[in-house]
Each structure stands twice: as C-alpha cells, then as structure tokens.
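According to TrEMBL, the protein carries these features:
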- 16-276: domain 'Deacetylase sirtuin-type' (DOMAIN)
- 44-48, 54-56, 126-129, 218-219, 242-244, Cys262: NAD(+) binding site (BINDING)
- His146: active site, proton acceptor (ACT_SITE)
- Cys154, Cys157, Cys178, Cys181: Zn(2+) binding site (BINDING)
- 290-392: region 'Disordered' (REGION)
- 303-319: compositional bias 'Basic and acidic residues' (COMPBIAS)
- 332-344: compositional bias 'Basic and acidic residues' (COMPBIAS)
- 346-365: compositional bias 'Polar residues' (COMPBIAS)
Amino acid sequence: MSFGYKRHRNDRGKPKVLSGRDIPSLAEFIKSKDCKNVFLMLGAGVSTSAGIPDFRSPETGLYSNLARLNLPHPEAVFEINFFRKNPVPFYTLAHELYPGKFRPTPTHSFIRLLSEKSLLHTCFTQNIDTLERRAGVPDDKIIEAHGSFASQRCITCLEPFDDEKMKQHILDKKIAKCEKCGGYVKPDIVFFGEGLPPNFIRSVPNLKKADLLIVMGTSLTVQPFASLAGMVESRCPRVLINLDHVGDFGARADDVVLLGKCDDVVRDLCKELGWEEELTRLWNETEETVLKDGQPKTQGLSMDEKQEPKKPDVLKSIEEQFADLSVGDQVDAAKPDEDGKDKIGSNASQTQEASTPNVDQTSKDVPSPPEPTDSVAEKQSGVVPPQEEGKL
C-alpha cells in the first residue's frame, strides 16, 4: 500500500520492538498482545482541520493575526496580569472559540476508538477546545495540560462559577463576575503566569506504563509538555504524526516518524488496522455535537475523502476588521448594555472579533502576584462593573 506522506529516515539500525517503521508494522504492534497501554500527546495540529487556527503558522496562525489588535503583544490575551486589567480581549476571543462552534476531526474520533478498544490509557493534550470530550473520549482519559473551557472560577477568591451562566455570558459577550466577591471569572485555561493543573503533574509518572506513545500535531517546543516524549521507557515505541519533524524523534530504534496531516495518517492507520468503518461511524456521530448548538449542518466524510485546508473564517474576520487599524488606535473597553451588565462595547466587538486557537503554549510555572482590590482592578481595566451582581 502506498501512503501519501513522508517517513523520516532512522539510522538507529533495526527496530527492537516493531517489525518496521511504517504503518503496517505499527498496526501489527497495536493489534498484538504487547500493546495494552497507549499514551497520546496532542497539539494544535489535530484541530486545525476543524477550522481552529494554531498559534505559530505564518499568515494563518493566531499570533500573526492578533498583531493587528491594540495589545501590548499578541500573547497578552493569554496573560493573567493583562486579564486582571482588561478581560475584554480574552472574552471576545472566547466568544468565537466556545465549545459547540467546531466539530471534532477524524483524529479526535480515532482517539475515542482507541478508548473503545480498551487501548487508551491517557491522552495528554495542550488544546483548550474540548474537542476530545465532544468526540466522546471519556473525561478520565483526558489530561488537559493547559486547562480548557470545561470549568471556570473567580480569579480572586477561586469560587467556581456555574457552567450555564458562563456559557451565556460568553455567548452574549458579557464579562462574568463572581457572585461572591465581584472578581472576574475566567475559564480554567492556564494563562502565562499560572501554574499547571495538578492532575497533569500527578499523571506524568504514569508514562512509565506506556507500551506505545503517539505524538500528534505539536511543535514540541514548549516545556514542560515537550519533555513528556522523553519520559517513556526505552522499550516503548514512539510515533510522531506531524507536518514537520520535531523533537528528538529518530533518536531511538523504535521511533516512527510519519510526516503528513494528522487526519490523513490516522485514516491510513485505521485502514491497515481494519477499523475503517468504525472510524467513519464515530466521526459521523460528531456532527450532532455541532448541530445541538445550532450550527449549520455539514456533510459527513467517507474514509476516502480528504479535508482540504482552508483559511478559517475567523482569521478572515480579523483581516477585514483590522484593515483600517493602525498602531496606536484605541480599542474600546467593555461598556454596560441596557440592563447595566458588563458587555463588550461595539467598537471592541468590531475590532477584536476573532477565534483563539488551541494553546500550543504553556504558562511559566511561577506564582501569580497578589490580586488587586476590586476598585483598583476596575479602574485599571476600564470595564464598568455590573449594577446587578449575580444576574444574567
């Protein structure tokens, strides 16, 4: 069988565990009794075919497009200190990214399939889009290294905030404030300046149990996530599925490097495994995860169809909306709407409407500085506090 992607040359001699460094050999190992615990490491590349931009790709990456925003630097939208002063940019981006607007990819359905085959031990993901969950991967199999939109809390007193209320605030472009202390509410996404989730730290030692590690769609440039690839035992085969060769893959005898789009490689692997129909069925089921949120119906893909890359509409939106902005132009902060609630002002929504990508970044694990008082925070942010706390 001829596959439409490149294999990286490995000069380490013959593999010790695998029979070869190709798809058939990988499929053979997955079906063997020696492969019981599969670990995954995911980056933004597994979700780009869903229309979510990554961070660093030239022209289509979020950072290159956010440069047009009136921010001190593009990364500021994910910095906790900037959020304390002005949460408007993040809430504007969150409005576009909020779960339900994007459909899981065939790669996400492959992860669910591994779980249904009782092969998936842990899926480490850098992504905040929750597409693994929406594809049906069990929560207890997912470790979100950079957090996600699955929960949220006050950044001042850490009081949890109701899921439905948070959803409504984000969809309405309103700034959520804690009903207990009035502090700003933020999804449990790890920002720069925040520590990594405790469950991520607790799960790292489990890598010693891995029989197979598959790394997909990540640049492996950000620590500590990137270091996970080196924590599996030397006997454990490692597979890289990515557009580019990254990390130290090829340094071990049982490293397999498959350069190509994640969805394409996954389809080829499932064909070899005999899982083609199951993958198609699971992926077609994900259509409902979008329909439930009122999005337009999309056509299901067969295993032979390929998703052609296209520029996400959210990035076109950025280009159109920032075409007339120059450096130093002022972007309005949030203004209260008719009922007195915090709401992103009309100018802000016009100049900041965009989609945030999967975070292929992690925070620097440093302690957060003390919270400013409510009055100071409000003066710094320019956000007018709601007149009726705790109501939508």
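Positions of Cβ are set from backbone N, Cα and C atoms, glycine also.
Projection of TrEMBL feature records onto the structure.
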residue	record	CB count, 10 Å
Ala44	NAD(+) binding site	27
Ser47	NAD(+) binding site	27
Asn127	NAD(+) binding site	26
His146	active site, proton acceptor	25
Cys154	Zn(2+) binding site	21
Cys157	Zn(2+) binding site	12
Cys178	Zn(2+) binding site	21
Cys181	Zn(2+) binding site	14
Thr218	NAD(+) binding site	28
Leu243	NAD(+) binding site	16
### Query
In this predicted model, what is the average pLDDT of the domain 'Deacetylase sirtuin-type' (16-276)?
92
### Query
Considering only the recorded positions His146, Cys154, Cys157, which fall within 10 Å of Asn127 (NAD(+) binding site) when distances are taken between Cα atoms?
His146
### Task
Could you state the whole-number distance in Å separating the C-alpha atoms of Ser47 (NAD(+) binding site) and His146 (active site, proton acceptor)?
15
### Message
Under a three-state reading of DSSP, tell me whether Ala44 (NAD(+) binding site) is helix, strand or coil.
### Response
helix
### Message
Return only the integer: C-alpha distance in Å from Leu243 (NAD(+) binding site) to His146 (active site, proton acceptor).
### Response
22
### Message
Going by Cα-Cα distance, which of the binding-site residues (Cys154, Cys157, Cys178, Thr218) sits nearest to His146 (active site, proton acceptor)?
### Response
Thr218
### Summary
Apart from the site residues Cys154, Cys157, Cys178, Cys181, the 8 Å Cβ neighbourhood of the Zn(2+) centroid comprises Ile155, Thr156, Leu158, Glu159, Glu179, Lys180, Gly182, Gly183, Val185
